[in-house]
Amino acid sequence: MTDTVFSSSSSRWMCPSDRPLQSNDKEQLQTGWSVHPSGQPDRQRKQEELTDEEKEIINRVIARAEKMEEMEQERIGRLVDRLENMRKNVAGDGVNRCILCGEQLGMLGSACVVCEDCKKNVCTKCGVETSNNRPHPVWLCKICIEQREVWKRSGAWFFKGFPKQVLPQPMPIKKNKPQQPVSEPVPAAPEPATPEPKHPARAPTRGDTEDRRGPGQKTGPDMTSAPGRGSYGPPVRRASEARMSSSGRDSDSWDQGHGMAAGDPSQSPAGLRRANSVQASRPAPASMQSPAPPQPGQPGPPGGSRPSPGPTGRFPDQRPEVAPSDPDYTGAAAQPREERTGGIGGYSAAGTREDRAGHPPGSYTQASAAAPQPVVASARQPPPPEEDEEEANSYDSDEATTLGALEFSLLYDQDNSSLHCTIIKAKGLKPMDSNGLADPYVKLHLLPGASKSNKLRTKTLRNTRNPIWNETLVYHGITDEDMQRKTLRISVCDEDKFGHNEFIGETRFSLKKLKPNQRKNFNICLERVIPMKRAGTTGSARGMALYEEEQVERIGDIEERGKILVSLMYSTQQGGLIVGIIRCVHLAAMDANGYSDPFVKLWLKPDMGKKAKHKTQIKKKTLNPEFNEEFFYDIKHSDLAKKSLDISVWDYDIGKSNDYIGGCQLGISAKGERLKHWYECLKNKDKKIERWHQLQNENHVSSD
């Protein structure tokens, strides 16, 4: 009964009864779980060598991985160098004097606290109080704080060290390959090829080729199957794995500089368990899947060492642009993708991603598996046009159409300096809950500089995969300069009441493509991770793009303190200046919870006494406060030209001095938009003039 069910003709995979068969018999009869019942002899290409185009694609992937590895090592090196400089510049002994600044501690000196990690004495200025579950406060010195930051930003906190990795060896390419006319019949016998060497235990040298190695390195049963389709080693890992594992190249020197890792990860039990778990999660190398090489007169083992059904499943980049018999075919197929796609990155947010929505899931992996492939490379039919290999590897292409689609519209109101984002609906979202549904919501960020200050979100809709929001989220204070350099990231997430919210998918749109005062509608398939297109970088892989984006976001967070919308009007009826504080946007977070308690202070200089100073109300726990308050200064119009208005934004704190967020100064001595705003106010009486001003980290007012 069991045999009848499993060997049904309608089943795609056939498993006969294996009770009377031994393991060797299964290999000879081509039976087992991995044997396809039809078309097996034509699809099996173990004796065919990889083409030069395929080898070039593999070499480009390896070069990208090495590039990312070098960038990761440089990034960690900068972190370590900064930490070492802090350690070298200590001025105290950590007992009677502060370990950092060297200030005297004790009864006659500053207050003393003990660092929780290094157990050294520091003053309260050089120590940082951290929150913990313990009832008493926990203090850390700035060196230990920096050490924890390095441990966190390098990813070593997860692995308790750095895992090792060995990159695949570059594939040798034979340039003087003889050509055969397509019209002549070619025998189907496989051509003999020189076996490929097995990967060494150390990292391979970039320039090593098959010709430079001796014949003694080409022995072993696994080496005879090198001309097979999948014999070039384990599949290349995704860029997200490469970013984590590439940091382990200099793990020994990093551990010595930090004193936090427990030696070589491969020598400790935890390191062995970690290495086993990492290797178990990856596909096994093709050379290990075939224990014996196939003989010319004997069919290959049922396991098949080919990594994909056809050439387009693994390498969708090799789309022939000329005839295969043309002498320039190799160069045309391997030309840089800048010439084919129009730039690094290769696609726009509104263009190609919409085209991808038309492809069914797994279209380019199953289409080539349906038809048998000829054995001879020169007579092979060109594969159907597919996407670039680098573009397909930049994100999870197999889930490009399974995450769902999002419909939204964008409108830039240039007169009011606002960006209106209308989230209409989503369709076919990926189920995230156990009931096969989701609780989706949409959140928006502006890149670079993503933070809570520019985060907007919709309401959450329960138990649906096809939500309809019809919500409009508005970004205020968006100038023409912001439209040229900002990118809008739209993320769809699943809300979880009892845990962390789960990410479903996202899409990004460069705001410089949006025309002012013209609404643009979008219906785009969600992607798991979308790389940013950056000019001047070769091989914009996902890991490199995210790393560059992380660097830009950190720079943006440091430079931008926020913006303030101010209105000025000189009233001839009241005989004075009316200053309106309308709102602030994208303020810097000053509190530990990631928010601020902002208020605005005004000071008309030179000093006119107490009547020259005004202050708004305090807005609690927000980075985008709305004040809508007006203040009146009784001053003659002729005297106003000699004055300057100082505007400062502060974070209110209880029990200590307020934190300065940023400010700006309007007056004759100002420059740019500030001077223009003040001049228009003096020129146009009884007319309210509103302007956005960038806050600067220049404090002109005391915190009292």
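A Cβ is built for glycine as well, from the same backbone N, Cα and C atoms used for every other residue.
Swiss-Prot lists zinc finger for one of the ranges 92-149, 614-671, namely 92-149. A C-beta separation below 8 Å, combined with a sequence spacing of at least six in one chain, links Cys118 (Zn(2+) 2 binding site) to Gly94, Ile99, Cys141, Ile143, Cys144. There are 19 other Cβ atoms within 10 Å of the Cβ belonging to Cys144 (Zn(2+) 2 binding site). If you draw a 10 Å sphere around the CB of Glu495 (Ca(2+) 2 binding site), it holds 18 other CB atoms from the protein chains shown. Secondary structure at Cys144 (Zn(2+) 2 binding site), as computed by DSSP, is helix. Sitting within 8 Å of the Cβ centre of Asp433, Asp439, Asp494, Glu495, Asp496, and not among those site residues for Ca(2+) 2, are the Cβ atoms of Met432, Ala438, Pro440, Thr460, Cys493, Lys497, Asn501, Glu502.
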